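Below is one structure, written out as C-alpha cells; the observations come after it.
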C-alpha cells in the first residue's frame, strides 16, 4: 500500500507581490507567493522515503481549494540509463547513476478532468499545471531560510517582440535516403491488444550549451530531466512512454560540426548517431540540444517518419528559452515528426488549422500541450504502414509505466 503525503500550501502576501521579478523561467510581472507546508499522513515516527510515490498538494485559487494529486513518473529513466561527459584530454567518462528514487512527478487537479501537471520536487516544487484551461508555473523563490514559491500564469512571463519561431520541417522536405522497412515484423496478439509504445530517448548536449550554463554539468542534467519529464507528460494521451535512455554532454568540444544550417547539422548528427552513439548504447531516437542560432528562425527540425532508422531517428532542438517548459514543447513537436506526424497546417493552409496544437509549424504562446486529431491520425498511420519495431519493446523495469491519473479519481 502506498502511503500518501498531504501538503498544504498557504497563500500569503509577499512584500513585492505583483511586481516584476526575475526567476529561472524568465522575467515575471505578476505572480502569487505560496509557502508549502507538509502534513504527512504517515504514522508519527514512521520513516519517510525521500521522495514519496504519491503526493497531494492543496492550494487556494480565488479563495477555492485546489487539490493537486501527483504520482512519481516511474517511466522517466530506462534501466540502463547512463550519463557521459568528457575529460580535458577527450576521454569519455560514463556513469550509471541510481535513478529509482528520483523526484519527478505527473498529476492532475482533482475534479478537473482536463487538467495536467508535470512537477519536479527535487529542490522545492518546480514545473507546471493546467487548471481550467489555464497554464500555471510554479518554482521556488531563492530566498535564504524561506520556503516561498512563486505561482504565475505563463502569459505573465515577459517576452521580447521577435519573429515567430519555426520548425525547420517543410511540407516537401524529406531526407535523401529512404527509410528502411526491414524491421516490419509480425505483431503478436498481445502487442495488438496493448498498443502502448515506448521510445528510449537519447539526449546529446552540444558544447555551446555547456558553455551557456557555465560548464555546470549538474545544472544541465537537472534541466534535461525536467524537460523529458514534461515531454513524457505530453505524450501520455497518445499512449507513448518517453524514457530517457542516456544523456551525453559534449563538455570539451562538439563531436560533429554544429552549424546554423539546421538540415546540414541534422544530417551530420544522424551520421554520428548511426556510426558512433548507436553502437555504444541501445536507444530508439536521439535529439541534439544546442545553443546555436539556426537560420530562418528555426528552433527545431527532425526527419519525418524516421523513428527506428539508424540514421534518421534524430532531431535538433534549440535551447532558446530559459523556460524549460517551452523547450520541452519544441522537443515534443520534433519527436512528433519522428513518429510520422505532419504539421497541422501545411504551406497551402490545408489540413488541420490548429494554432494551439503541438504540431503547429510555429510555436504557440503559450506552448501547446495537446495533439490535434490530425496528428493522432498521422501517428496511427505511421504505426500501421511503417510498423516501427524498436518502440514495441517495453522497458525492463516492471514498474516503469504508471497508470495515468484521472482528474476525477477519488484521492
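Cβ atoms here come from the backbone N, Cα and C positions, even for glycine.
The Ca(2+) site in Swiss-Prot is built from 390, 393 plus one of 284, 291, 309, 319, namely 284. If you measure from the Cα atom of residue 354 (disulfide bond) to that of residue 343 (Zn(2+) binding site), you get 9 Å. For residue 393 (Ca(2+) binding site), the same-chain residues that are 6 or more apart in sequence and have a Cβ closer than 8 Å to its Cβ are 198. Listed in sequence order, the recorded positions near residue 343 (Zn(2+) binding site) (C-alpha within 10 Å of its C-alpha) are 352, 374, out of 284, 308, 352, 374. Rounded to a whole number, the C-alpha distance linking residue 333 (Zn(2+) binding site) with residue 308 (disulfide bond) is 17 angstrom.
Within 10 Å of residue 374 (disulfide bond), counting C-alpha to C-alpha distances, fall none of the recorded positions 308, 334, 337, 390. Summary of the Zn(2+) site environment: with the site residues 333, 337, 343 set aside, the chain residues having Cβ atoms within 8 Å of the Cβ mean position are 167, 169, 300, 302, 334, 336, 341, 342, 358, 359, 361.
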